[in-house]
Amino acid sequence: MAHQLTRNRSAPGPLLPGLAVLRHYDRTWLRGDLLGGVTVAAYLVPQVMAYAAVAGLAPVAGLWAALAPLLVYTLLGSSRRLSVGPESTTALMSAAAVGAVTAGDPDRYAAAAAMLAVLVGLMCLVGRLVRLGFVADLLSRPVLIGYMAGIAVLMIAGQLGKLTGLTIEADDPLEQVAYAARHLPDVHGPTITMALAVTLGLLVAQRFRPSWPSPMVAMLLAAAVTWLADLEARGVSTVSDIPRGLPTPGLPDVPLDVMLELALPAFGIAVVGYTDNVLTARAFAARHHEHVDADQELLALGAANIAVGLTQGFPVSSSGSRTVIGDTLGVKTQLHSLVALATVLVVMVALAPVLSTFPNAALAGVVAYAAIRLVDVAEVRRIARFRRSELVLTATTTAGVLTLGILPGIGLAIGLSILDLLRRVARGHDGILGYVPDLPGMHDVDDYPVATTVQGLVVYRYDSPLFFANAEDFRHRALAAVTDAERATHEPVAWLLVNMEANVEVDLTALDALEDLREELASSGTTLALTRVKQDLRVDLDRYGLSERIGPERIYPTLPTAVAAYSAEYAARHGRPPEGAPH
């Protein structure tokens, strides 16, 4: 019995995919989820305290911002392993956005940061409603690598005061670096020693013991050294008071004009945070042959950010480092996030006095370590080996972030990605197809010198979807293919058969180009025919009226049927089949 198979491209998954997984929980997963959850929490606590400083907030804001995502993403996220919460890039972007609208008022600053998270969440939810999951693909790999390298430099520049003990009297990141360089003799020895020790220790631990909660170990050791050597008396500052308990939920009190000023930065943070979220989730899903729903990730990230904003936090996204640790320790589901949540709550309620002894220099060392890890030197080398133009994209993006700022740098990064895409598709590869002995099908004659073509027929393929940016290039090169064939064979071309396999839908400009091509060919006695025309494209051709002008009998679903039709017409006219036609 024959069965009709159809594809449902828009069928949604469960609204609460995490809960759906937990309902079918396998007890053999429990050990990995418990061990991974506790270890991720031990890694998370000092890390998010450091990221709060990057965002320009008190360390406790990082802990508050970590709570809601651990619960919300467990329910709504489509990745079983992703760790969502405060992370370096969104923290730095938040500092840039909030600092521009609060004029140094700490109370207004904290409220604006929380409202920024709410706006980021709303942007993601709107994106989910209009199915903008493809936004994650707007940043090409070279651009993303360059962007992260620029962010790394900005992160370290912003922590120079805490790393060195200097009072940095500059706002621009490059000026901050220059100021620190000019005042190297004034660097506070114990502070920079503490920061360097933590940074180097974390790098070594990452190299040899990547699954260890090394930031927590480093912070505890730094606190112990500070107490034993009485470093506070020698000028090494500590976090000081960490409030016990949980944040008070509520909508941040922010004036409407400030909210409007934060809207554009919120969009930028949403794009970058979501891109990072989906790319990280996909990477780990691929390792375990799992699936990530890009639109569901918009919903999950949006809900997590709104929850964070209502609990006095700042914008969040995924953490690659915490996700790596969980995956290394064998987590199987988002139950590990619930375990991490419970662990963090215990720490906040029972161990707040211990957290208050953490040296600020050590937290800055954690930030420096995270920044260094953002610079993917191996990937830059791979890009350089692959294509120089892609390396230029990477370097240009880095320079743009450093000179223009974070948010304009996002626009530059997206713009460069789109321009790179347009550059590729606006001048696509093309080819004349012919038959190759002992090789089925038709192939580019430039790739196979022994290929032969069919007498009087040019089979032309343009390897890019037709649209406004390449329509004229397609028309010009298709005409050139006919002209070149006539010069090479010293006889007229009867048919130009265009292989349309690269096209699903086309715009009006592309259809205009096809019509112009048909008219120019007809004026010289050449017939235009199309093959491998998909149904969506056929609908566009019909709507434009081009199907009727070309002739329905000149539009074919496959290459063999098109070539056979040409051969039959040629034989009827000349009394013999064309040379080179398949038998």
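Using N, Cα and C of the backbone, Cβ positions are placed for all residues, glycine too.
Straight from TrEMBL, the features:
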DOMAIN    447-566  domain 'STAS'
TRANSMEM  48-72  transmembrane segment
TRANSMEM  84-103  transmembrane segment
TRANSMEM  109-130  transmembrane segment
TRANSMEM  142-161  transmembrane segment
TRANSMEM  187-205  transmembrane segment
TRANSMEM  212-229  transmembrane segment
TRANSMEM  258-279  transmembrane segment
TRANSMEM  335-355  transmembrane segment
TRANSMEM  391-419  transmembrane segment
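Remote same-chain partners of the transmembrane segment (391-419), defined as residues 6 or more beyond its termini with a Cβ less than 8 Å from a stretch Cβ, comprise 92-93, 96-97, 138-140, 142-147, 149-151, 153-154, 173-174, 264-265, 268, 271-272, 380, 383-384. Using the rule of three or more Cβ pairs under 8 Å, pairs at least 6 apart in sequence, the transmembrane segment (109-130) is in contact with the transmembrane segment (84-103). With a threshold of 8 Å between CB atoms, the same-chain residues lying at least 6 positions outside the transmembrane segment (84-103) that come near it are 44, 47-48, 51-52, 54-56, 62, 65-66, 69-70, 73, 77, 109, 112-113, 116-117, 148, 151, 154-155, 158, 258, 261-262, 265-266, 268-269, 272-273, 276-277, 300-301, 304, 313-320, 322, 337, 367, 370-371, 374, 405-407, 410. Across all of the domain 'STAS' (447-566), the predicted model scores a mean pLDDT of 95. Tertiary proximity for the transmembrane segment (187-205) is limited to same-chain residues at least six positions away from its ends with a CB under 8 Å from its CB atoms, namely 162-166, 180, 212, 214-215, 217-219, 221-222, 225-226, 231, 234-237, 359, 361-362, 364-366, 368-369, 372. Here the transmembrane segment (48-72) has long-range neighbours at 84-88, 91-92, 94-95, 98-99, 109-110, 113, 117, 155, 158-159, 162, 215, 239, 242-243, 246-247, 300, 303-304, 307-308, 310-314, 316, 337-338, 340-341, 344-345, 348, 355, 358, 360, 363-364, 366-367, 370, meaning same-chain residues at least 6 beyond its ends whose C-beta is under 8 angstroms from one of its own. Non-local neighbours of the transmembrane segment (258-279) in the same chain are 82, 84, 87, 89-90, 93-94, 96-98, 100-102, 108, 112, 115-116, 119-120, 122-124, 127, 133, 135-136, 138-139, 144, 147, 292, 294, 297-298, 301, 305, 315-318, 320, 406-407, 410-411, 414; each lies 6+ residues outside the stretch with a CB under 8 Å from one of its CB atoms. DSSP states for the domain 'STAS' (447-566), grouped as helix (H, G, I), strand (E, B) and coil, give 61 helix, 19 strand, 40 coil.
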